[in-house]
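Peer 1: Straight out of Swiss-Prot:
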- Ser173: active site (ACT_SITE)
- His200: active site (ACT_SITE)
- Asp296: active site (ACT_SITE)
- 3-120: domain 'Response regulatory' (DOMAIN)
- 161-355: domain 'CheB-type methylesterase' (DOMAIN)
- Asp54: 4-aspartylphosphate (MOD_RES)
Amino acid sequence: MIRVLVVDDSAFMRKMISDFLTEEKQIEVIGTARNGEEALKKIELLKPDVITLDVEMPVMNGTDTLRKIIEIYNLPVIMVSSQTEKGKECTINCLEIGAFDFITKPSGSISLDLYKIKEQLVERVVAAGLSGKRKRPVSQTVRPEPIVRAVVKPELSKPKPGTGRQIVCIGTSTGGPRALQKVIPKLPKDLNAPVVVVQHMPEGFTASLADRLNHLSDIQVKEAKDGEAALNGCVYIAPGGKNISVIKNSEGLQVVLDNHDTPSRHKPSADYLFRSVGKLTDYEKVAVIMTGMGSDGTAGLKDMLTAGNVKAIAESEESCVVYGMPKAAVKAGLIHEIKHVEDIAASITSCVKKERV
């Protein structure tokens, strides 16, 4: 049984979230709190496994409360965010601090709209409960670096003569914002490839994520726009609610955004991106799958490997918030290197050499 504490300054939200969670057999709501100070007292008293935490509250806000929870109790926290600009920025900050994941409060007719997020809420709480306590950082001196050989053996470094063209694609979900913060800022600004990122996230939040990563990085980071050129030395974050692909035209690579649905139901979808990149037959590709629930990215990576000329990297279990997406690709035999999140940028950079010979 997963024991949950619900923290929100709205009595309506406390009741609705509690009711939704209580309907799930493996979840027990053991208490509620109206603000951060009350939450900290109840955590000590009730010993929950998972906490849902409103981002914007009086007395002690969600960000400050989250810091205390992680510092003192090291428990998984699901943030409950408004869709205001302030709410979005605070949510991205909370994910970077170490929140497990987040859901968005309803924006329209409150009772009807809230039911749309019930499935997401339950899924995230269950995943958080199964993940146990948040993992402490692992010493870099003791990290193993296992290698898993691909079942389909791709041609890794044989682009067409004289091209030297390369592209990097990354897929991630739960835990991704914090993981990306450990990868993107370490990439050099003169990286000789565009980087296209799929982070499972609702519409509106990816712009805040891109802005935050751009502020932290030497390499340029932006939310992708339909039809723009995919240029070397730039990171393109797929907008929430859209699928992203990359195509080749007479001038180079171009970003395409659309509303196509995928079997995984994710939008953006790593499978969708990877399949499009796999079609760039005269490009060297680096595909990275990082922390996240589910298996998005595995099917697309398999297609990329079949097309060839790919280096596939997965985040290690020890550094993942949720070892789902990388695990699926590893189990399928599609991964060449398994790397701790702290080492992924170096691995990408070594694959994407500044000069080709």
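Here the Cβ of each residue, glycine as well, is placed from N, Cα and C on the backbone.
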Peer 1: For the C-alpha pair, I'd like the distance in angstrom between the residue listed as '4-aspartylphosphate' and His200 (active site), rounded off.
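Peer 2: Taking the Cα atoms only, the residue listed as '4-aspartylphosphate' lies 20 Å from His200 (active site).
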Peer 1: Let me know the DSSP-derived helix, strand or coil state of Asp54 (4-aspartylphosphate), please.
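Peer 2: Where Asp54 (4-aspartylphosphate) sits, the three-state DSSP reduction gives strand.
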Peer 1: Around Asp296 (active site), which residues of its chain at least 6 apart sit with Cβ under 8 Å of its Cβ?
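Peer 2: When sequence neighbours closer than 6 are ignored, Asp296 (active site) has Gly171, Ser173, Val198, His200, Ser264, His266, Ser269, Ala270, Asp271, Met325 within Cβ distance under 8 Å.
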Peer 1: DSSP-wise, what's the residue breakdown of the domain 'Response regulatory' (3-120) into helix, strand and coil?
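Peer 2: The breakdown for the domain 'Response regulatory' (3-120) reads 57 helix, 26 strand, 35 coil.
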Peer 1: Tally every other Cβ atom lying within 10 Å of the Cβ atom of Ser173 (active site).
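Peer 2: Taking all protein chains shown, Ser173 (active site) has 25 Cβ neighbours within 10 Å.
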Peer 1: In DSSP terms, helix, strand or coil for Ser173 (active site)?
Peer 2: coil
Peer 1: Highest Cβ count within 10 Å among the recorded positions Asp54, His200: which residue is it?
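Peer 2: Per the Cβ count, the most surrounded site is Asp54.
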